[in-house]
Amino acid sequence: MENEVCIGESRRELLSPLPDVESVVITEFNDDVLPSWRLSISEFQLPKQTHPSFHPLLCLNPTRRRQGKVADYYKKQERLLEGFNEMESINETGFFPGSLTEDEMKQLAKSERLAINISNAANVVLFLAKIYASVESRSLAVIASTLDSLLDLLSGFILWFTSHAMRKPNQYYYPIGKKRMQPVGIIVFASVMATLGLQILLESARDLVTKTGPKMNHTQEMWMIGIMVSVTVVKFCLMIYCRRFKNEIVRAYAQDHFFDVVTNSIGLATAVLAVRFFWWIDPTGAIIIALYTISTWARTVIENVWSLIGRTAPPEFLAKLTYLIWNHNEEIKHIDTVRAYTFGTHYFAEVDIVLPEDMLLNQAHNIGETLQEKLEQLPDVERAFVHIDFEFTHRPEHKAKIALYTISTWARTVIENVWSLIGRTAPPEFLAKLTYLIWNHNEEIKHIDTVRAYTFGTHYFAEVDIVLPEDMLLNQAHNIGETLQEKLEQLPDVERAFVHIDFEFTHQPEHKAKV
């Protein structure tokens, strides 16, 4: 093929050695020269001729639809190349491009808190104004919008409490941080909003049956219009302001403000039309608001549930990780596994790399630790685990456990299930059991640096750091670590175990919880 270079029996696709690496340039005319160990995108070029993008549902022409799909494909390739460039920057500089400094992160957190406080204060003032509009108009659609504002205050308290709790780390109770409080808080928020929609739906149906509509004079109508228009304008401005942030809680406020703009507009329009034309327009508008409420927040619940149950990252993200891993160090002979899955709003990454079996432990550890640090610099990765192996012909390192749920599982309280989702630490007695098992595993274990276990659903994730002699060969160290991991994962309460092998214990913690 035109875009491939054949070297022996292997195939090298669209990737070339970096120009600054001391290696021989590979050409299509010389098949005897070995390529560089590094991957590069410097010679990769997308076709200059692009096709306009068309939505398949809006275009009936089959040719245009195919062109649109081709254009979408190349856009994905461009985004993938941009991701490879970011990975290249990490390998060259050691830092993720565009990452914030500590002072910038503090300033951003301060701005996010300001956005939350402004939203809460506005919700209080606007709720009082809408109470007056509801009393004056007696419109069911306006009352529905007012009840929505009441729940805004309740849900605002939920999100404020979530944000407040996340700012107070506790490494003993929450060893990996509290970022899972974001999706949990949003799920509670969305559930309350969807419940409101169902209540309004039932009340509107009752008014349609009884043929009840709003009645008001001209003065009351003007007051209602003025208040509802003012509320809508304020909510629109808050929506624009909150959308500037990437924090999930602040963006939940932005979604709520947008929802209020829609419901206030529908409520105002249907109330005025019901007074001036037909009575049934008002409960019909309330039904529209209710259906919109239920559908919007049901989608929000589903999205955040996916983020909590360990769903895999998209293939493009895994490709970026693979590119970063392969270019990390020349001693990496194979990449056995690249896995990333959701644990809250970010990913857990698991990587298995193969190094020479006669490499000393201290050298292998340094390669693995620096790779882990690079992976955890990625903004979407909360925690990375690098497993060092000396061969790749074995069975998978971990086995997924299948949970058997009973009626009693579903009967547990909401609080207990929330604790199980946000990464709370295991009780001291359980950690003591793990420590006892680890110390008695092998006489070569000189120290136990860390024993950590935290909830991931109904089971625990276990992280263990052990210290072995630094002059031990990698294959020996790996066998000790792998058999220990297998023992830990045999425990009924442990879903996944990660054994980190070190040669000293006077260093900084291996992982840093992201705030």
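Keep in mind that glycine also has a Cβ here, set from the backbone N, Cα and C atoms.
Annotated transmembrane segment per TrEMBL: 114-133 (among others), in sequence order.
Look at TrEMBL and you will find 118-308 tagged as domain 'Cation efflux protein transmembrane'.
Residues or ranges marked as transmembrane segment by TrEMBL: 139-162 (among others).
The transmembrane segment annotation in TrEMBL covers 183-202 (among others).
The transmembrane segment annotation in TrEMBL covers 222-241 (among others).
Residues or ranges marked as transmembrane segment by TrEMBL: 261-279 (among others).
For the domain 'Cation efflux protein cytoplasmic' (314-389), the model's pLDDT averages out at 87. According to TrEMBL, the domain 'Cation efflux protein cytoplasmic' annotation covers 314-389 (among others).
Annotation comment: TrEMBL describes 427-502 (among others) as domain 'Cation efflux protein cytoplasmic'. Mapped onto DSSP classes, the domain 'Cation efflux protein cytoplasmic' (427-502) shows 29 helix, 29 strand, 18 coil.
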DSSP assigns the residues of the domain 'Cation efflux protein cytoplasmic' (314-389) as 29 helix, 27 strand, 20 coil
